[in-house]
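Sequence annotations record features per position, and here Swiss-Prot assigns transmembrane segment to 12-32, 57-77, 92-112, 115-135, 157-177, 178-198, 211-231, 253-273, 295-315, 322-342 based on sequence analysis. The region 'Disordered' annotation in Swiss-Prot covers 372-391.
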Amino acid sequence: MVKISLARSLLIAGLAYVAFEARAFAQEGLVLTELENHVSAAAKGWETTILDAAKSLFWILATIEIGIAAVWLALQAASLDSWFAELVRRIMFVGFFAFVLTQGPTFARAVIDSLFQIGAGGGSASPAEIFDAGIRVASQMSQQAQFGVFEDNALAIAAVLAMGVVVICFSLVAAIFVSVMVEMYVGLLAGMIMLGLGGSSFTKDFAVRYLVYAFGVGMKLMALVMIAKIGSQVLLGLANAPTASSDQFVTTLAIAGISVVVFIIAMYVPSIIQGVVQGASVSGGMETIRHGGQAASFAAGAGFLAGGAARTGFTAGQSARAAGSSLAGAALRGFGAGIGSASSAAGSAAKEKAIGSPGAYAGSILGLANAKLDESRGGHSGHKPPPERKD
């Protein structure tokens, strides 16, 4: 009774938190926008200092470049035509990279903004909007979280778990978005010093790499925005689609699984695209497949754990009803037993995983939790010890 009362109290507190803090979750998305604005303002404050240092470096290298060319022509005893041709070539070289130095940061930001708009489909996109998309999906799924005697409690438990997975995954995607935006501001700012290396023919490749880097960051942002928008649209479509009662449980688990897949794709694919643009291999395909398999295993384990908890709760409710309890009391007791058994199994699995118990090393936490839930439902708490040897 103590465990059931504790589980019931935790359940009521959790539902109250979800109900009354939805607006607070939505407001937290604005913090990401404020963070982006602060980083942008701080980066602009350093732009003049770094650009002045890049200009000084550029003209020092340009002077050395012209001096070396003049000494080389003098040693070769070149004619007046050779002097004039070399002078024109050096002036064109220095003039072009001087233009890149002054207009390069503006051009780089224009390229990134253009690719960003392409990824956003001509609309707007920000970390706060991605976070709010996850909140909208979770809010739509909350309509399925209806507990009661005549309600589908298994579907309600799955909906609550899926809501948490969706909010966490989209929060992480928004965090990735913020990190890419910070990389863009800081990378383009610090990379401006590379434009100063365009004053010499020996170091001009560094200035070109700055423009390539800007294009790579733009492609990374475009891919990330496209993934986030497509993923949110698919999840909203699944959450809003009218389905039969027999399919709602599968759809709920599918939403949780797809949100994990969106997070994994948002973590790896934009970096791979940036690496292709810059000519570097960032990640292998097998690494992405491995993490995708881990995400799928996590989603499947969570689904089986929710189903096992629902079965345990149903059995406890039937027992309470047979003992003479009312329908409401039996439903609450069954639901409390389901939540309590799932929480106890997950906590015990996490403890064994943390302390490295025998047999827990090769399995995951959710796998161990499902095994413990099956054992408790079967009426035994662990594996039977082997018989003692009698020598």
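Positions of Cβ are set from backbone N, Cα and C atoms, glycine also.
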Top Cβ-contact partner of the transmembrane segment (115-135) among 157-177, 178-198, 211-231 (pairs under 8 Å): 211-231
Dominant neighbour of the transmembrane segment (253-273) in 92-112, 178-198, 211-231, by Cβ pairs under 8 Å: 211-231
